[in-house]
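Visitor: Straight out of TrEMBL:
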- Asp200: active site (ACT_SITE)
- His249: active site (ACT_SITE)
- Cys355: active site, amidino-cysteine intermediate (ACT_SITE)
- 35-58: region 'Disordered' (REGION)
Amino acid sequence: MNRTDEPAVVESWNEWDPLRHVIVGRADGGCIPPPEPALDAKVPEDSDMRGQWGPRSQETVDRANERLDAFARLLEKRGVRVDRPTPIDFNQPIATPDWRTESMFGCMPPRDVLLTVGKEMLEATMSYRCRWFEYLCYRPLLQRYCEDDPAMRHEAAPKPRLTDADYRSDYLSERIGVEKRLKWTAEKHFVTTEEEPLFDAADVLRFGRDLVVQHGFTTNLKGIDWLRRHFPDHRVHAVNFPGDPYPIHIDATFTPIRPGLILNNPDRRLPDDQRGLFERNGWEIVDAARPAHNSPPPLCYSSVWLSMNVLVLDPKTVCVEATEVHQMEQLDRLGMEVVPVDLRDAYAFGGGLHCATADVRREGAREDYFPKG
Ligand code: DAV
């Protein structure tokens, strides 16, 4: 059922059932966007990216694309159907009636934009202005899935206005310091305000009839409330991870591997008062292995914890970045077959193996993994 000339079927309920069809991003035309409120809050204070913006070099684009193409071929060899987005010219100014910015971002991390829940693919609101139009890169695919699969639901969350009222001005300061950032994030004082619903798809993890959503820089409480109203047959759980000074996207922090097992970033542990759901239902939360690297690659937004940004192919098989020896060893010890994937050269374009993909179809149905509420 994986031939590309056969009609696509959209359905995926969790992060681990056997993967059958996936989108893998592209690095083409990737840009470092100019300063804007929410993005600046995420760029670490000591990062080589501060003050730089513009198109990334062709050499880094080509190398990232080589890695992404090889990843796509590896998945295809394993019987997974792979689609790719259609890049637009990201290096051009964009505007709405409320704001203007000089460039866009790219289409390497489809996971940030697209949330597949059952038969639905939902375009997230996003929270950076430079990513406002990113959904356009996926529209050719979503239109095709819609034509192929009469039961597929293509949805888009309300486009946010993203005026200055969406962002806390105290995050605009150049030098906040990690200590103050940790205090703020522990108090859930994030860069985004509650002006309007905001979420990135990569803040959401799917566990059958439960969705676990990170409240942080890229997703606010109104965004989580919107998801709760939008998915009335799901239970939506808000979580937050106080040890993270730059909390965006849950997928380098909390990584389900198979029913009953989650890796948690040991620097960003789930607070005790949020563990009940998992503990009551026999789920084990284990500390993820330390990353193999002390620093991210050049011009990269993400932290070294992309080590745990893995792609599960089925409950016994997991793709891990090939240099992440400690993470590979830990998953091997936990009984998984580990497939190494060379992707570090693509990290700067928006993340690791989980970020670089978005589910179209996994086998399996919607299950209740948390029967004890
Ligand atoms: O640890 O920098 C990266 C998540 C990318 N989707 C981090 C989070």
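Sequential numbering from 1, following the chain as shown.
Placed from the backbone N, Cα and C atoms, the Cβ positions cover glycine too.
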Visitor: Report the active-site residues (Asp200, His249, Cys355) that meet this criterion: Cβ distance to the nearest atom of ligand 1 under 6 Å. Use sequence order and write none if nothing qualifies.
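Guide: Checking each Cβ against ligand 1, the ones under 6 Å are His249, Cys355.
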Visitor: Between the Cα atoms of His249 (active site) and Asp200 (active site), find the distance and write it as a whole number of Å.
Guide: 7
Visitor: For Cys355 (active site, amidino-cysteine intermediate) and Asp200 (active site), determine the Cα separation and express it in whole Å.
Guide: 11
Visitor: Name, in the order they occur in the sequence, the residues of the same chain whose CB lies under 8 A from the CB of Asp200 (active site) and which sit 6 or more residues away.
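Guide: The list for Asp200 (active site) reads Asp112, Val113, Ala124, Thr125, Met126, Ser127, Thr218, Thr219, Ile248, His249, given in order along the sequence.
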Visitor: Within the region 'Disordered' (35-58), count helix residues (DSSP H, G, I), strand residues (E, B) and coil residues, in that order.
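Guide: Summed over the region 'Disordered' (35-58), the classes give 7 helix, 2 strand, 15 coil.
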Visitor: Let me know how many other Cβ atoms fall within 10 Å of the Cβ of His249 (active site).
Guide: 27
Visitor: Around the C-beta of the residue listed as 'active site, amidino-cysteine intermediate', how many further C-beta atoms are within 10 angstroms, looking at every protein chain?
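Guide: I count 26 other Cβ atoms within 10 Å of it.
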